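Scroll down for the structure; my scribbles are underneath it.
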Amino acid sequence: MSDAPEAPVAPEVRQPVVTPVRVIIALCLVAPFVAMLWVSSYAKADPDFIGIPFFYWYQMLWVLISTALTLIAYQLWQRDQRGRKALKDGASR
Amino acid sequence: MNDGVNGVALAVFIFFFLAVTVMGFLASRWRRAENEQSLDEWGLGGRSFGTWVTWFLLGGDLYTAYTFVAVPAAIYAAGAAGFFAVPYTILVYPLIFTFLPRLWSVSHKHGYVTTSDFVRGRFGSKGLSLAVAVTGILATMPYIALQLVGIQAVLDVMGVGGGEDTNWFIKDLPLLIAFGVLAAYTYSSGLRAPALIAFVKDTLIYIVIVVAIIYIPIKLGGFDDIFSAAGEKFSATNEATGKPVGSLVPGDAGTWTYATLALGSALALFMYPHSITATLSSRSRDVIRRNTTILPLYSLMLGLLALLGFMAIAAGVKVENGQLAIPQLFEDMFPDWFTGVAFAAIGIGALVPAAIMSIAAANLFTRNIYKDFIRPDATPAQETKVSKLVSLLVKVGALAFVLTMDKTVAINFQLLGGIWILQTMPALVGGLFTRWFHRWALLAGWAVGMVYGTVAAYGVASPTQKHFGGSSKEIPGIGEIGYIGLTAFVLNVVVTVVLTFVLKAVGAPDGIDETSPEDYTADAGDKGVAVELPKVGAGH
């Protein structure tokens, strides 16, 4: 994440496309793909949860994890857009 | 199965069915706008739905009756392999978070009603737009037919429709009535009907799932007993293949299949016309993003529902047709009145998506075939009229399909439809982010993907079928078994990229792009968006 470019303090309203916040958003959105497509990481029966094999409860747990991640991405994106809008309005005033 | 009619269940079923019928017809008055005779009104509900209506509509649309019957049926038959539906629906939401808001914005700005409208506007190619439209219609038809299969399954278990020896008309009469009613209110109310009915459908479904997932395990002695019964069944040897009939956890050989099926299906889901129709009917860009954070509730429900497949095994449900496993489990386990509620949930669960699908297919025909090729000067009122008629035709077609042909034909086509619809992704999603692809290259890539996918699926044999026996096959060059649709998609992208380089090098003429970069981020309230919608089809 550290290699994301710093926001320049240029006088122009032009803002960088890649910012640390956007990198976090991207990570939140990519994480479920890594977790779910790496099937061999969860293709096993133990440990079970109230009798449900690992394979099943782990994926259901990821429904919740991915929902939380999407929610974070959504909040960060809202903030990112508001910030940009404020900057733009401030600059054009 | 057909051991007499379950009277109480049937009465409850009919009660709910009548209730939604009344709602369907009243829906035309719900949020009625002034300009009724436009496709924006009939086909997109006035593009006015907020977060919750969109949530119910999308949920009602994507998690169909067939899903409810087929996913546990797959688990019942083979175990772990059927559970891919859960990672599949997990992956859908991060995906649509990224691209659907852009599609919403550009569609609002330019008055696009279908994906093909966008593709034509973006690439200036009627040919490419026609390809996308035809693929969409072809993929949707068998999907509608499968909704009927879902209704048939519950009618069968309730004992309605008589035995094998009754005359075909009596046997199919309940289905004919259900579909006649559906067709009538879709015709009169458009997208508003399924949007309103979706409330009932989803509420019923949630109640049934919650009750089932608590009540049935208690009756069966807990999940330990359920899974050990299932493990026992799956370890039996299949006489035809000499391998175990299923497994509780996918083996090494199955992991590629599992992952590619999940990914390929996730990519395909929002290429389906009915998903897009429900999305475009939302009021703002934000409604869509917010929905990606609440729609996963349905995925959780789907996961729980899938577990019912195991419960059917533990409960000793024995059916030849796996599709009947869950309805039969409900009938065996629940008191009669609640069986009626559960069956109503499945039955209404079929009506909502069937209505949206037929609207979506009708919109595609009207906008991208009728208007583009037959009557370019059609007025919005004429467009709406054509769309209404086509929505009827589409449903009659689906009905004829189910009544005259074997069920497996519909299932085979549905399988093919998933592979096909995925081939429209480079044009649609590619187009949302870049104009780099050449329109002819996209068309060629689409054609290659379609042909490969169809031929490959034709060649898959199963113990019961010579062709279309499944949706996965060895991936050329990798040697693992993977989802055919995804392989075809990769081929499609490779062809598109290579040909784009070639076509650009020889200077092939590019189409005219009527969109501009800021169209893709426009939101309701911005200039030229939402407050007053652009005239349908007026372009810019």
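Note: Cβ is positioned from N, Cα and C throughout, glycine not excepted.
Keep in mind that this is a model prediction, so the values were computed, not measured.
Pulled from TrEMBL, these are the features on record:
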TRANSMEM  B:6-28  transmembrane segment
TRANSMEM  B:49-69  transmembrane segment
TRANSMEM  B:128-148  transmembrane segment
TRANSMEM  B:168-187  transmembrane segment
TRANSMEM  B:199-218  transmembrane segment
TRANSMEM  B:255-273  transmembrane segment
TRANSMEM  B:294-317  transmembrane segment
TRANSMEM  B:337-365  transmembrane segment
TRANSMEM  B:386-405  transmembrane segment
TRANSMEM  B:411-433  transmembrane segment
TRANSMEM  B:440-461  transmembrane segment
TRANSMEM  B:481-503  transmembrane segment
Recorded stretches the transmembrane segment (B:337-365) and the transmembrane segment (B:386-405) touching, at least 3 CB pairs under 8 Å: yes
Per Cβ pairs under 8 Å, the stretch of B:49-69, B:128-148, B:440-461, B:481-503 packing most closely against the transmembrane segment (B:199-218): B:49-69
Result, the transmembrane segment (B:168-187) in contact with the transmembrane segment (B:386-405) (3+ CB pairs under 8 Å): yes
Contact set, same chain, for the transmembrane segment (B:168-187): CB under 8 Å, 6 or more residues outside the stretch: 17, 21, 24-25, 27, 148, 151-152, 155, 160-162, 193-194, 347, 351, 354-355, 358-359, 388, 391-392, 395-396, 399, 402-403
Close approaches to the transmembrane segment (B:294-317) from elsewhere in its chain (Cβ under 8 angstroms; 6 or more beyond its ends): 51, 55, 58-59, 62-63, 67-68, 71-77, 79, 82-83, 85-86, 89-90, 93, 205-206, 209, 212-213, 216-217, 220, 225-227, 229-230, 233, 325-326, 328-329, 332-333
Stretch with greatest number of CB pairs under 8 Å, the transmembrane segment (B:411-433) reference, B:49-69, B:128-148, B:481-503 candidates: B:128-148
